[in-house]
Amino acid sequence: MFKFSSSIFSALVLSAVAASAYDPTRNDNLVVYWGQNSYGKTHPSDTANWQQTISNYCQDTCIDVIPIAFVDSFSGGVPDLNLANASIFSTRCVWRAKPFHQICDDNGVTGTCASLAAGIQACQAMGKIVTLSLGGGSTSASFATDTDATNFATTIWNSFLGGSGAHRPFGSAVLDGVDLDIEEGTSTGYAAFATQIRSLWSGASKPYYLSAAPQCHFPDAWVGTALDTVWFDSIYIQFYNGVKSYPSSSWNYDTQWLPHLFANPNVKLYIGAPASPTAANAGEYVSASTLGSIASASLALNPSRFGGVMLWQGCLAGICAAGGGGTGGGCAQTYTVKSGDTCAAIEAANGVSDAQLHALNPTINSGCTNLSVGQTLCLQAGTGGGSTSGCTQTYTVKSGDTCAAIEAANGVSDAQLHALNPTINAGCTNLSVGQQLCLSQGSTSSGCTKTYTVKSGDTCAAIEAANGVSDAQLHALNAAINSGCTNLSIGETLCLN
């Protein structure tokens, strides 16, 4: 398994800003579960940090997918939707099987969860997808027969997705798909459910997505058969929930999950991790830097199969900042938020303007009311790609600079600039004054035991075949090479080992 700097996770997460809408083909998507108020369960008196509205998390530009958790009972073929107790609800937002279709909204009255419906639609308007997660460790989340599962899929379609059921908890909001987070019961019915739900949305006017969140034991006891027989778009592998995360003898992404041939041979695999120490059992949480190493190593093994990172769960504030937004190699100076901190105090103590603090940390809202203790902020921009040690030419961003202007002035293509500085998003809207960019890459021989100088007519395939290097290795060791290998330059020195 390859080892990389944890700063790559910063690039992985921040580059998600590039997508104006969720793109299932990308390998830098971030999935964050919402609905169970995990922090509130363990900190009942700290209501300020309880789960916020779903639309609040959509303000974080790095989040791409929000599964709503959970429909935790399939009893009698009627979904029991339980979104726990949160600061936005005076009672739990629950869709009970008994009495039939009882809805509690913000004011505890029968009707629809109106504010949640509006939040879902707001998230979708920002390019996120919002799905419905079924299961969540409930013993009531199970099917007796395939027929029960098929009928339940139809109920889910009519109640939450593109169907036309009489009872819709989220009103006119139409969710973007279904997630199976099954951790109890048997495997009965899940292949039938998945087959039926895909059949119902086949040919729909909008795309729908089917995902699963199995525990890392392979094959999964509950949805393993479904994954092998039905087309799933994404698999969010839980490397927690009773299993110690990387590194441990349980780590099997590269030995079992990645090599396995699923019904969808190109299904996107995600590394699932707890968002904070309080979101998992003792010993299961890993730091953002360690998660960065895990993500980048997994990405390098097969970039086309890697989907990104899944975090449980979103009630823990500062997801983007904690996951790499402005930390590590992308910053020359960082700051860890302490109890009682305010933006004004941080700025005054560190000589940073309010505009700079917000520019370098885009997840901070305009009122600076969403700082979290332990959150890492960027105070001074570092290099665009995390380091300029491998560059022969650098550039320091000035006020008013644009990518186009920098490229034109320095004879660098847009593809080259982005390849050499992976934290720059596709629209080039996240440049920071003082940020140092790499404009050309020199020899990598100082950190390599074997190098190769590109010759006329060379291709990645030819170089790899002649030197016994895999495509994943070549790209991992030479980050500036784009995915299509169309930007090789004669005389360029590549690292092969």
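Positions of Cβ are set from backbone N, Cα and C atoms, glycine also.
Caution: TrEMBL annotation is automatic and unverified by curators.
According to TrEMBL:
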type: DOMAIN; residues: 28-330; note: domain 'GH18'
type: DOMAIN; residues: 333-379; note: domain 'LysM'
type: DOMAIN; residues: 393-439; note: domain 'LysM'
type: DOMAIN; residues: 450-496; note: domain 'LysM'
type: SIGNAL; residues: 1-21; note: signal peptide
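Over the domain 'LysM' (393-439) the predicted model carries a mean pLDDT of 77. Under DSSP, residues within the domain 'LysM' (333-379) fall into helix, strand and coil as 15 helix, 8 strand, 24 coil. In the domain 'LysM' (450-496), the DSSP tally of helix, strand and coil residues is 15 helix, 6 strand, 26 coil. Under DSSP, the residues of the domain 'LysM' (393-439) split into helix, strand and coil as follows: 15 helix, 8 strand, 24 coil.
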